[in-house]
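**Student:** Below is the structure I would like to discuss, written out as structure tokens.
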Amino acid sequence: MPEPVPEEKPEGQAPEEPTAEDAPPADGESGNTSLSGLFVEKPPESIVGIAGGDLTIIAKVDSTTLTRKPTMKWLKGKWMDLGSKAGKHMQFKETYDRNTKIYTYEMKIIKLVAGDSGGFRCEVTAKDKCDSSTFEISVEAAQQDTQQADILSAFKRADGGEDDGNLDFSALLKATKKKKMVKEIPEIDVWELLKSAHPSEYEKIAFEYGITDLRGMLKRLKKMKVVEPKHSEAFLKRLDSCYSVEKGKKIVLRCEVVDPDVQVKWLKNGQEIKPSAKYIMECLGNVRTLTINRTSLADDAAYECVVGEDKCFTEVFVKEPPVTITKLMDDYHVVVGERVEFEIEVSEEGAHVMWFFEDIELVKDKDSTKFRFKKDGIKHTLIILEATLDDIGMYHAWTNGGHTKGELEVEEKQLEVLQDIADLTVRATDQALFKCEVSDEKVTGKWFKDGVEVVASDRIKMTHIGRFHRLLIDNVKPEDAGDYTFIPDGYALSISAKLNFLEIKVDYVPRQDPPKIHLDTTGNMVSQNTIIVVAGNKLRLDVEITGEPAPTCVWTKGDKQITENEGRIRVEARKDLSCFVIEGAEREDEGNYTICVTNPAGEDKAMIFVKIVDVPDPPENVRCTSVGEDCGTILWDAPVFDGGAPLKGYLMERKKKGSSRWTKLNFDVYEPTTYEAKRMIEGVYYEMRVFAINSIGLSQPSLTSKPFMPIAATSEPIRLSVHDVTDSTCTLKWLAPEKIGAGGLDGYIIEYCKEGDTEWVVANQELCERQGFVVRGLPVGEKIDFRVVAVNIAGRSPPASLGQPVTIREIMEYPKIRLPRDLRTRFIRKVGEKINLTIPFQGKPRPVATWLKDGQPIDPTMVSIRNSNVDSILFIRSAEREHTGKYELVLKIENMEDRAAIQIQIVDKPGPPQKLHVTEVWGFNAATEWEPPKDDGNCEITGYTIQKADLKTKEWFTVYEHNRRTNCTATDLIMGNEYMFRVYSENLCGRSDDPCFCKNTAVIAKTDLEIKRAPYTKKDKSCAPKFTQPLVDRSVVAGYSTAISCSVKGYPKPKIVWMKNKMILGENPKFLMRNYQGVLTLNIRKPGTFDSGKYSCIAVNDLGKEEVECKLSVRLPTDPDKAKEE
């Protein structure tokens, strides 16, 4: 979200203290709730803003006790997340104070409107902690005297954007508003007009009275109507007050009506909705639903369900999914006038991206062409056509779900001379050419001779092609000699050279004159016999020779004679001159060259050293030696060949790994071979390269360094404390560092030293990954200092130390057994179950734990005991009856002790009852008695189960269950039967395995009874045939088997006859006739068109006759391809 420009205190600034203590909470929530007390400063409970002004709400959160950065949400009502509404109307800002560790969150509402009124909530969460605060915003008109007019003007927003989501008729009704606002509003109450109007007339009223924010007025109207709720006679359950849905998803609006047969109408913003693929209306019993498929921002509106004169309302809010930034913005380092393109990629095409320069939003302006914005699918580009020094700073790109930034650095143009002007020596009528090359091909300039600007003529021509500037002088004259200077326009720079005119003197020479070499020591001559040539340039050395007769000239390099008249290296002979030419000088051309002239009168020699200078080789072995949080130290080796000229320094460039854009790190020449690159992003891989510079120019770039990542060491661990101390150990505990960074956390190193010493000893050989460690082998009684260091790939963090040394000595602590609550009463288990009791205790030094059973030591073969420093465990793998008893744990430290007793009871199923017999029989009843079992299973008998069985069937049936007495009466016995009985005993473990059988039986004697049977009359089932299901007309496709069926009833069973066109169907295999329990079926196998006709079925028996018939049509199949062509 964009960070808004900090404003002074706007007109609608929230007051410092709440002014309405009894303000109702938003949407039924309680007032300012404090779940964990994270807020240091909460928004006031009631905030009043002025319509048209700005409003800023501030909340502050203390993060000193938090392990993670808190997350803040601003909500309206209970559910609507305002983060998705960020834009021109709502802006959010977050700042962090490192000193106080307090986060400050701001929500700014720009140009308040009446629709911004309502209940709001800010909610902060951090891992397992959360806190929230509710507040109410009320928007008042600017002038109280014209309240009605101001309320209406609040809905007339001419600058409504995408975030408003409301109707905007301002462009269409601008003239209408000016006329009707003055005349109509004072006479007619628009609110009352809207209250009484039908929703279909809302837009008509909006046009008539110039209302541009119809939806906002409907919201206010809805709140005004809710004040007096009416009982709905048409609706059992109304629509919810509002719905929220993400863009592109489906939403279902649901209500219930009283009458399941009533028809409903659905309205959107007062207009009836017609069923379509997007809007699906369903009716299921009393439930009426409206389904909106693939929601868009146009579906963000008010909806109604109308039943007769009754209606219910709701609002649908469509939330756009957060758009993330998939490709981050690169940094740029350019010179004045260059083009800059900041490019990013987002997760969704057509997403809205906001560009900011520092805190100023960049928008498209017709009057200014400085910034251009380009959208190409998911790519968004900010273009600066010509960068200036005013453009230096940080550029931001914001979406509703992401943020990236890139830095722009702009340097003044620095013009470099790539090729200097060489001094020339020419003769009369020859041609002189001055040529220079600069780094910028757009730069123009002027030529001067001895400080006077040179004017072009037929003999003097000046050209500018690319980076080359030339001055050509034809037919050189003596007055052309002098100093020539080229001055680029706009730069304090000049390039000079000298033109020497070679005069031809005619003297009287005797016939015999020894040869003489006349070397010109000006121009490129560094010393008397050295010439420096830039690699790639042309060397032309004109040597004047005198002598009579004309001497012979020979050029040699070492032992090799140069005789070529053509080619790259050649010798040109002219009268009184010997020209030595090297085209495109190379490094191999460097060396001593000898000119030897001879004639009969003598010989003369001269040696010239030609030195070739070039740009240096690229630097070597570029590497990163160390990194920091946002910096890295780069080291490289000087180039092997310096180009023949001393190195002036180096230029460095860097780029992000995977990117193709290099950023210059320095514009001024940097002399050392180590450089600290700064202002990098932690956790991002970078690559570096270096250029070498000498007086000739810039070398090729070095090989790219290995990728490196700026990573900082973590901050120091926090809350280091001593957990426990013994005679030789000390247990330390701490929390993870507050700041870990992109390098992560590999572990911890624990160090200690004696008080007063400076040598720290490492306590752990390997990194400790936990946040606790036991330092062992410490001397008793010594005072020891401890410290803990966090380690990651970047190195060690600052150490966390204790405030004072720790004395290594065991602390005596009285033994104490902490018996669990469930063991303080009788502990009951069944035979065969496992018993595992853990009894925690405390005491120092380590207590001695002893177990006793009934006052005697425990037999280790029956019970397993395990003791540790903090607890004792009693374990029985399979409990038996003999394990029952009183167990006592005795804890001793020297002469101190503590005891705890546990009563364990092992129970089993009881034995069978004894002496069961029948004591009395009367009527249909029998009384039985018995005695309790000898073995009660080591617990109380809870009841008995009595069962009976007839001696004839010997099937047992339960008479009573859970009978607590030792006698029972069985009732409802059957006369004439003899019964036997058995009894099971029951306890906590269940019923006994074996019953106790009765020794005698109970006989229920018969009495004299007479059975009176009703007379039997045979029922007459005779019935004439009658069809209960007739035949049905059918139309079938030829070639596909079909069947016709009907059903008949009749007694005696009727005879069935099938007929086609009044002709009886015989034993034709094409027809299969079936009769199954009165269902008659005629199967026709693969019918043709000739099988069409009337089919009838006749049922006949002795009592009558019945007939049914149907028509069967057989049609030919159609070809789908031909049907499409037709």
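Indices start at 1 and increase along the chain as displayed.
Even glycines carry a Cβ here, placed using N, Cα and C.
What you see is a predicted model, and the numbers here were worked out from it, not measured in a lab.
Dumping what TrEMBL says about this protein:
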COMPBIAS  1-11  compositional bias 'Basic and acidic residues'
COMPBIAS  15-29  compositional bias 'Low complexity'
DOMAIN    229-324  domain 'Ig-like'
DOMAIN    413-485  domain 'Ig-like'
DOMAIN    618-717  domain 'Fibronectin type-III'
DOMAIN    718-811  domain 'Fibronectin type-III'
DOMAIN    815-887  domain 'Ig-like'
DOMAIN    912-1007  domain 'Fibronectin type-III'
DOMAIN    1025-1113  domain 'Ig-like'
REGION    1-39  region 'Disordered'
**Student:** For the domain 'Fibronectin type-III' (618-717), which partner among 229-324, 413-485, 815-887, 912-1007, 1025-1113 gives the most CB pairs under 8 Å?
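**Tutor:** Per the Cβ under 8 Å count, 413-485.
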**Student:** Which stretch from 229-324, 815-887, 1025-1113 shares the most C-beta pairs under 8 Å with the domain 'Fibronectin type-III' (912-1007)?
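**Tutor:** Against the domain 'Fibronectin type-III' (912-1007), the leading stretch is 815-887.
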**Student:** Helix, strand, coil residue numbers for the domain 'Ig-like' (229-324) per DSSP?
**Tutor:** 3 helix, 49 strand, 44 coil
**Student:** State the mean pLDDT for the domain 'Fibronectin type-III' (718-811).
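**Tutor:** Per the prediction, mean pLDDT sits at 89 for the domain 'Fibronectin type-III' (718-811).
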